Amino acid sequence: MKMCFPCLQCFCSTSDDKVVVSKNDKGGESGKKFRLFSYHELKVACDGFSSKNKVGEGGCGAVYKGRLTDGTMVAIKVLSVELESMRGEREFISEIAALSDAQHENLVNLHGCCVEEATRCLVYDYMENNSLAYQFLGREQNRNSFDWTKRKNVLLGVAKALAYLHEEINPHIVHRDIKASNVLLDHNFNPKVADFGLARLFQEGTSHISTRVAGTLGYLSPEYAVSERLTRKSDVYSFGVL
């Protein structure tokens, strides 16, 4: 089956045929480089996707730690894709559409992707301190070391990321799944909002969109769950739970 990726048309090639530069909403170059990786390159980077390099797993696939040929440490998400049902395909496209042109210190950086037959991979910066869920909701030892200064900095960082997504970038982005496991932490415990597989784009002037309810129970806003009307406030509610 031949698949079409409209979102990949938002990139233009450079002299290196493995590197593309994203375009902004006005057709100009945003300056953010987005790389198209080969499956072989990613397989080598994480030692054949060995279990020792697996750092996480969820309903959409597994995440592996890897090292690129230039020494860059990355996290490689290998999506579970079923082409007939499009399972995983929508999440893949949503992630690229949301992050390919977004640049903020509190958003996870998307280096690029891999599209080969049924293979769909996304390549991000590697986060040394895992996630907020791991650090704060995991072992008691981790939780005890997570002092109030770290907690405040994490909350401020996530708030800044949401302000950027909701107001500063165009089209605006509603994440739809803000939760502790989707807030990653770098080596200095700086927060990076991640996992945009459920994200929706809002054009300028759009106050809400009607869509199926998706997200995580406990973090979903009651208004969205009942009405299926998604707004920026849905993310704000999830942030309040966080």
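Just so you know, glycine gets a Cβ as well, placed from its N, Cα and C.
Residues annotated as active site, proton acceptor in Swiss-Prot, with sequence analysis given as evidence: Asp177. Under DSSP, Asp177 (active site, proton acceptor) is assigned to coil, being neither helix nor strand in the three-state scheme. The local packing around Asp177 (active site, proton acceptor), expressed as other Cβ atoms within 10 Å of its Cβ over all shown chains, amounts to 22.
Non-local contacts of Glu57 (ATP binding site) by the CB criterion (under 8 A, 6+ apart in sequence, same chain) comprise Val63. According to Swiss-Prot, the ATP binding site annotation covers Val55, Gly56, Glu57, Gly58, Gly59, Cys60, Gly61, Ala62, Val63, Lys77.
Look at Swiss-Prot and you will find 49-242 tagged as domain 'Protein kinase'.
Around Val55 (ATP binding site), the C-beta neighbours below 8 angstroms that are at least 6 residues distant in the chain are Val63, Tyr64, Lys65, Ala75, Asn130. Annotated pair Asp177 (active site, proton acceptor) and Gly61 (ATP binding site), C-alpha to C-alpha distance, rounded: 16 Å.
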